[in-house]
Structures are given as C-alpha cells and as structure tokens.
Amino acid sequence: MSSAVLLLLVCGCALAVLSPVAYGAPMDTDDRPVWDSIRLCDIPNEPNPGQCMLPAECVAYGKINDVSSLSSIERFSFIKQIQCNGSDTVPYVCCPRDSDAYREPYVNETMVPKNRVASRIAFDADSCGIQSYVAKIRGGQLAEIDEFPWMAMLLYERDNNALTQGCGGALISRTYVITAAHCVTGKNFQQTKGRLKFVRLREYNIHTNPDCVYENDLKDCSDDMIDLVPQAVIPHPEYDSESSNQQHDIALIRIEQTPPFTDFLRSICLPEQNFESSATPGKKLSVSGWGRTDIFKDNLGPDVLSPIKLKLSLPYVEREKCSKTFRPWSFALGPGQMCAGGERAKDTCAGDSGSPLMSYDMKRAIWYITGIVSLGVRGCGVEGLPGVYTNVHHYLPWIKMYTGA
C-alpha cells in the first residue's frame, strides 16, 4: 500500500477522503457470509418479502434514491423503513426479489401526530445524556429523528455565499458546544473553510424544516431547527494546526442559551472517568453526524456529506495496538488521544470532524461523550487502520474552567 493511501489527514469537512477500495465498492461475492444471499426482509406495501442487499446492487433502490426523495416525508420514510441488517459493516436495503421496481415506494400513514408529552415530563428538565429514542430491530446507518439530540452542525460562510455544513459538534450544556480545534482555527482556516457563522441544533434532514417521519401509523415531527450565533470560539491553547499528530484537537463554542430541552434538544454528559481505564478491546462506541455514506452515494456522489443524520457503531482499539499500527509513519499517539474503528468499510465517514465519539452506560441509561473525531486515514474504513480521536476526559479540567460543569 502506498504512503499516499496511509497519509494521516486533518479533514476540514469530514473525517477522511473516500477510496473505492475502502468504502465505495461492493464486497466481493466470495467475501460475503453464506446467509447474505438469502437474507429476507419486509418491504412496505408489498406482500412478498424482499432480499437484504447492497444499495448499489438494487435496481429498484436506484430508481427512488434521489435528492427530491429526501424532501418528501412519504418517500423518505419509505427509504428509512427498507434499511435492513444485511451486514454490520456497510448499509444494506431491502430489495424486491421479483421486480426491478418497488410497488408503492412511499409510506402513506394516517398522519395522526405522535404525542411526546409523556416522554418530555419523564426526565429532569436539564438532565444530560438521555434520549427518548428506543432501539428498533431495523438496522441501517440513518439515525432516528430523535436520536442523539445533542448533535450540532457547524455552518460556514465564505464570500457571502450560501452556508455550507463543514463540521459537527455536541451540546454539553445550555451554552456550550464541544468540537475539534481544527474546525474553528488553523493556518489559512477562513480561506479554506470560511467563517463560522452558525451552530445549528435540532437538525435531522437538511432538506426539510421541521423534520418529519412516518412510523407505526403516526406522523412524528421534530421541533424546528435553530441556528445560534457563536458568542465565543475557544480552541485549546496548546493546539498547533501545523503539527502532524494534531494533539489537543479540541475546542469549545459558547452560544446564546438554548431553548428548553425536549426530545429533540438535550446535552450529552461529560465523562466521569477515563474510558480507556476500564474498556476492553473491541468494546462498542458510537459516532453520529452528517458525514459520508453509501446510502446516497449513487445520487449525491462519494464525496458529498449526507443530508441526513447518520450513526455508526465502532470498536474501541487499545492504546498499545493503535500506537504500534501507526509507528511506521512516525505518528506518536499523545496522552489526550484515543483510537477506534479500523474495521473494513467501518469508520467515521458517517461522522463529521468534530463530531462526538459516544459511549452508553446501560445501567444508568445515559450517553457520555468519550472522544471527538480528529484524525483519519485516506479511505474510510481501511482494515487495520483505526481513526484517532481526542480523549475528552483528558481535557475535563480545561473544559470545566469555562463551563463550570
């Protein structure tokens, strides 16, 4: 493998640059599990089961996967419901076995609004790390409409042009968002990314506002998205944008106080202990954001960020193994960095730079921010090459100096 493929990057818009081998190309048939060819699944409005397969191999899916579909509640809800658990490493969709087209590619529900009052009063008004989302059997990389309500999208403006999404972040209090330092500062930063204009909260689908989905005979709509003006941008004082290892890649953005928390807006908890001190190799972590995915690749292209909030599960990689992996390229893992990923076609292309790496405490039913998407390799999901994240626990004293939390 050439050194160019393995070159560590600091990505301004998303974690890594896709390569066909790593993320875009279908798996060779010989690499697939035997059950993959007979995995059956349900398709809305069709009496016969479909087959779980790669989006690029489903002719019917190619006919409905376009930008206009993402603006239609009925069509987008259909696309969400045909996600399936064909593989743990790449997105799959349920494809008709006896036709090259879906019979009725939309979900026409009764449009009765979902009542969310009960879930809103079940939690303390300011509690962190809690979400109303309940895991469903259906798989896929598209997040649910109320999943990870602390996610933030950073919007940039250059030369008075339209706003562009560039990085992610996470709400950690009513007035602070945490992100990567390289998302807010650095050499020639404004020339390459533009000026940080807004922090967007309560976003799910950038093509609609408010965002709605049909599920279980109900129409579920989020609160309107909100764009908040940054009051102060605080990169870590030791961050050096020209450093090859990008240590201290962490920043805080102070915003005006958010509206009251709801199912669609809540902060994530800061870690109470160092995740690495008790984690076992392979322990699952989660990442979310508006990164890259094969779900919309054929229509939007491989290098376009997703308009829909994504999610992905990643394995923790122990420090010694990660350091050994990058040693040939003279990359030294700093005390404030950690690693995750490194499985084939499974890395944080789904999450923008600055997005949170999250851990879930099952006993307390609380989400914690463990890391921040920082460094990646050329090609998301290159087997054996994990992504590098800023370890949030290492910077707690610095964070609390500003937030007071």
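Don't overthink the numbers, they just go from 1 along the chain as shown.
Heads up, the Cβ atoms here are built off N, Cα and C, so glycines get one too.
Noted in Swiss-Prot for the protein shown:
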- His182: active site, charge relay system (ACT_SITE)
- Asp249: active site, charge relay system (ACT_SITE)
- Ser353: active site, charge relay system (ACT_SITE)
- Cys41-Cys94: disulfide bond (DISULFID)
- Cys52-Cys84: disulfide bond (DISULFID)
- Cys58-Cys95: disulfide bond (DISULFID)
- Cys167-Cys183: disulfide bond (DISULFID)
- Cys322-Cys339: disulfide bond (DISULFID)
- Cys349-Cys380: disulfide bond (DISULFID)
- 41-95: domain 'Clip' (DOMAIN)
- 137-404: domain 'Peptidase S1' (DOMAIN)
- Asn85: N-linked glycosylation site (CARBOHYD)
- Asn108: N-linked glycosylation site (CARBOHYD)
- 1-24: signal peptide (SIGNAL)
Cβ atoms near Cys94 (disulfide bond) (within 10 Å, other residues, all chains): 27
Residue from Cys84, Cys94, Cys322, Cys339 whose C-alpha is spatially nearest that of Cys167 (disulfide bond), among the disulfide-bonded residues: Cys339
Distance from His182 (active site, charge relay system) back to Asp249 (active site, charge relay system), taken between C-alpha atoms, in Å: 6
Alpha-carbon spacing, Cys84 (disulfide bond) to Cys322 (disulfide bond), which is rounded to whole Å: 31
Cys339 (disulfide bond), number of other Cβ atoms within 10 Å: 26
C-beta crowding around Cys167 (disulfide bond), within 10 angstroms: 28
Candidate with the highest Cβ count within 10 Å, taken from the disulfide-bonded residues Cys52, Cys58, Cys183: Cys183
Winner by Cβ contact number (other Cβ atoms within 10 Å) across the disulfide-bonded residues Cys41, Cys95: Cys95
Pairwise CA distance, Cys58 (disulfide bond) versus Cys94 (disulfide bond), rounded so that it is a whole Å: 8
Residue pair Cys183 (disulfide bond), Ser353 (active site, charge relay system) - Cα distance, angstrom, rounded: 7
